[in-house]
Amino acid sequence: MAPVHDLGTNTPRNKSIRKTVFSFKTYQAIVLLLTFFAYASYHATRKTTSIVKGVLDPRTTELGFSPWTRSYFLKTQQQEQQHSKLQNGWAPFDGVDGTAMLGEIDVAFLAMYSLGMYFTGHLGDRVDLRILLTVGMVGTGLFTTLFGAGYWLNIHSFYYFLVVQLLAGVLQSTGWPSVVAVVGNWFGKSKRGLIMGIWNAHTSVGNIAGSLIASACLSYGWGWSFAVPGILITFVGLMIFFFLPVSPEAIGIEKEEYLLKSPEKDKMTEPLLEGKPDKEDKAISFFAAWRIPGVAPFALCLFFSKLVAYTFLYWLPFYISDTAIDGEFLSDSTAGTLSTLFDVGGVIGGILAGHISDRFDARALTAACFMYCAIPAIYLYRIYGSASLYWNIALMLVNGMLVNGPYALITTAVSADLGTHSSLDGNSRALATVTAIIDGTGSIGAAIGPLLTGYISAKSWGAVFIMLMGAALVAGLLLTRLVVAELSTKLESVKLKTAGTGSLSEPNLVAHVV
């Protein structure tokens, strides 16, 4: 490590250092913005399917349209009512098995996404992340557009839509491990939960944007609901290719330059991945990553957490349009717009969970408490969500906050904690693999939830909500061992302080769980 200098004096050396620090912070801002919009565009393309479900499924014809013209969220689109293709369903989804077929397409996409996640995460520690992201985003744009092309080409083959979604799922899996690894290259460990909680709002922003775009395009034909997000993600992918700095080293900024900036190292600027300078890191193996303390319980917790979150993501607009609210049914477009409030709650939940986990240094306890609180919230939404529009909105916001809070925390701050675990001995090439394992396992649950919902909802929505409450309970229970370890450490610290033996530093949750 280079010696510490007084940067207050205007020597040529200090001016150069201050310029480097300014440039470094500028690049940090660019990285945050580009990765934010990159992953938001991924989620925007995923959300379109849930909006179009009600159009493809013939039960749409049985639904009325919103009578509450005074509210923004309840505006009707006259063109949508007059569009004959929106009222007749779309083969092959216009049969009695239409709902189940839509569920099968969802699970096909998510199954390939979860399997692809393990592979692309492993690949992400070995190739240029900028190229990997660009290929994934442009490819996602292509296959999203091809799904919508079925509208103009008058395609009614179930296998066409199935294969397109399978390939789209593989390409979508490039996104999450790549953006987390890039951000990990640039940002430090201080307030990681809060910073990543705010940054993780891209998930909800993408869902909201996808819902609004898909809903607005329905009146022109459901194909546009896929084509427009597909074009947008392709454009953002090209921006990634031309402008994304993957790491400080990739643009010629040496670690000694940006770490030498003040008498006390700024942890906001200190990179998460600070490997040993005297040796080249080797990418960690898939099975070695599983053996990192804390990876398995958090991965399994995310399995059930994403089962709940993605069931809401894919089926909430359909549930709203299929359920009378205060005795009235809403249009597909209105239901899709209204469902964005779940994601608004998700933004709040992600930031809140990150802040609380930073404040108390308790990732597992925070995630578990959110999941336990989600159980009564899900129950209340099922019972009272149809009582009135205002109850529906309020309870939807609360559910979004409690369901997406731990989901956001685990996929960002916890993954970064585990990917830079002390057992890795400073290895800087593990974060993408660890992130892929955690989110890939969670994505298996994300595939199972919508699949089961497609079959169960045809018989009883009540049974769907029982499944969601059970999954939330199991997600919380899986973190019990980590929660006990966190609480034990804190109690021991309090006892030592009380006894006057001095304070005990509290290690990170994954560092003291063996």
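Backbone N, Cα and C define each Cβ position, glycine as well.
Predicted automatically and left uncurated, TrEMBL annotations should be read as such.
Now, the feature entries from TrEMBL:
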TRANSMEM  21-42  transmembrane segment
DOMAIN    33-488  domain 'Major facilitator superfamily (MFS) profile'
TRANSMEM  100-119  transmembrane segment
TRANSMEM  131-153  transmembrane segment
TRANSMEM  159-187  transmembrane segment
TRANSMEM  199-221  transmembrane segment
TRANSMEM  227-246  transmembrane segment
TRANSMEM  295-315  transmembrane segment
TRANSMEM  335-353  transmembrane segment
TRANSMEM  365-384  transmembrane segment
TRANSMEM  390-410  transmembrane segment
TRANSMEM  431-456  transmembrane segment
TRANSMEM  462-484  transmembrane segment
Self-check item: Feature contact check the transmembrane segment (227-246) with the transmembrane segment (131-153), CB under 8 Å, 3 or more pairs
Solution: yes
Quiz item: With pairs 6 or more apart in sequence, are the transmembrane segment (431-456) and the transmembrane segment (227-246) linked by at least 3 Cβ pairs under 8 Å?
Solution: no
Self-check item: Distal contacts, the transmembrane segment (462-484) - CB-CB under 8 A, six or more residues away
Solution: 294, 297-298, 300-305, 307-308, 311, 315, 363-365, 367-369, 371-372, 374-375, 378-379, 381-382, 403, 406, 445, 449, 452-453, 456, 509-510, 513
Practice problem: Quick one: find which recorded stretch in 199-221, 335-353, 390-410 has the most Cβ pairs under 8 Å with the transmembrane segment (365-384). | Solution: 390-410
Quiz item: Which of 100-119, 159-187, 199-221, 390-410 shares the most C-beta pairs under 8 angstroms with the transmembrane segment (335-353)?
Solution: 390-410
Quiz item: So which residues does the transmembrane segment (100-119) touch in its own chain, when a touch means Cβ under 8 Å and the partner is 6 or more beyond its ends?
Solution: 46, 49, 53, 56-57, 92-93, 158, 161-162, 165-174, 176-177, 286, 310, 314, 436-437, 439-444, 446-448, 450-455, 458
Quiz item: Taking residues 6+ outside the transmembrane segment (199-221), which of them lie with a CB under 8 Å of any CB in it?
Solution: 32, 35-48, 50-52, 55, 77, 79-80, 83, 85-86, 151-152, 183, 227-229, 232, 313, 317, 332-334, 336-337, 339-340, 343-344, 346-347, 350-351, 354, 400, 404, 408, 411-412
